[in-house]
Amino acid sequence: MTHPVDLPAWQALTHDFQRTRNQHMRELFAQDPQRAERYWLEVGEMVLDYSKNRIDDTVLAHLIELAQQSGLQERIGAMFGGEKINLTEQRAVLHTALRNRSNTPVYEDGENVMPQVNAVLAKMGRFADAVRGGRWTGYTGQAITDVVNIGIGGSDLGPLMMCSALKPYGHERLSMHFVSNVDGTQLRGVLEKVRPETTLFVIASKTFTTQETLTNARTAREWFLRDAGEADIAKHFVAVSTNHEAVAAFGIDTEHMFEFWDWVGGRYSLWSAIGLPIMLYLGETHFVRMLEGAHLMDQHFAHTPFERNMPVILALLGIWYSNFYGASTHVIAPYDQNLHRFPKFVQQLDMESNGKQVQADGTPVATTTGPIIWGETGINGQHAFFQLMHQGTHLTPADLIVSLEKRSNLPGHHEILLSNAIAQAEAFMRGKTAEEARAELLAAGMGEAEAQALIPHKTFSGNRPTNMILLEKIDPFNMGALVALYEHKVFVQGVVWGINSFDQWGVELGKQLAKTVLAELTGEMDAQAHDASTMRLIKRYRRANCETDGTCHLLD
Ligand code: F6P
């Protein structure tokens, strides 16, 4: 398999990097009055201003060539066309079919998947409508007031993020709760707030074998059965999964199971039945609007030339910083409180997809791959970690995401929020020269000697890249488009790096070892051959807990 470093475009970019690395964006803006206009893209109600990046037209052209030489167009066709591009699991990758609002046939193994996609969507719609309308009642005949989603990773983060982003669209009677952590304090905290007779549990697990989810689900069922009978479970527990047998074995009638398929990756699954909590909270119409927003981005991605293609441009900029500037992280900073879960969502999407060390054919990669994704609401980040982004020694490219629509009707708040987002992007780009710092200090009445001592601390190198993503408003349609934008960005980067973005073998080793360690911690099994540190940790735990577990006699 070709390594990206062997492509002619990569060589050209290596030269570009040497040529441009000392250029300052201030100069680039000064030289080109059209820069902001030219490095600006619009899709639907979303804008990407990428002018505050360390690029010029030549760099951009070579990045586009890199995408072309990586065979991106062909890979896009393969993904949308249902080819088994997830090679290690021999699976197609068809989350785009889940939001294929044109309803044109999409084939997987020769079968059009659209009828089953539409059937599950309709079943979700009927169920959500009944719950929201108060016709689906609990075992005492009362309407549902609380929905508890029990799931982890992709079976948690997407619905959690969307429900919090779209809170203003939520049903007023319904409170949404999300339990992912097997640390019992999370489930207990939720169970203390809800009543069994008005609570609906959604057990969400693609595999229905995930230890954390099944443990939480069993505990929730035991809690429920303290007040209700076995026959009442049907009104209060539904499952979302690909695994009928395991759902039935757990005791949930598969009539109350919402199905999806192995061609939907966990971190790409919020569009599927995994999105049931979203539909319960927002209603079918808004859920479909979310699918429409994603579909718009899919169409844009599949059919727009790379130089005007938003996910492609975002992806290539990321590659420019990761692989040429050596930036190892990427910050997601939404200037919106309801988007506070968005960085965590993108973190799983990107890092579980592109945290890979071998190419799709199993040979080691020749470049760094997926960056570390982190972030927080921008305004809170400004008072926490932005210091490092402004003056630290790491280059930390960032996406700033803002809503143009005022998000609350509290006077003055949105303007302050927006002014901060725009000013931060300007500050990252411009920085402050020593001369500017000196002039400021002297103007404030400071003496020359004192000013000289402070100048190095008050100087900002600037030249720090940001993308500004503007949404007309945070609504279901735009959120659909925004998530699809990031999904496709991750895909493009995976294609350029030649990796499989759709498996996640890296999470398996820990799961496997935890099974042995669990048996050892509980005293079911003697501690086996581990390294000295692991042995010591296991023994220390057993000593601390043997009295409550009644296993002290088993200790050495
Ligand atoms: O362990 C990682 C992972 O497999 C994720 O990829 C997935 O989203 C999560 O666990 C949950 O898996 P499941 O939906 O099968 O419970």
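A Cβ is built for glycine as well, from the same backbone N, Cα and C atoms used for every other residue.
Features of the protein shown, as given by TrEMBL:
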ACT_SITE  GLU352  active site, proton donor
ACT_SITE  HIS383  active site
ACT_SITE  LYS511  active site
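In the structure shown, across all protein chains, LYS511 is the one of the active-site residues HIS383, LYS511 with the greatest number of other Cβ atoms within 10 Å. It is 15 Å from the Cα atom of the residue listed as 'active site, proton donor' to that of LYS511 (active site). Taking only the Cα positions, the spacing between LYS511 (active site) and HIS383 (active site) is 37 angstrom. Cβ neighbour count for GLU352 (active site, proton donor) (all protein chains, 10 Å cutoff from its Cβ): 22. Secondary structure at LYS511 (active site), taken from DSSP and collapsed to helix, strand or coil, is helix.
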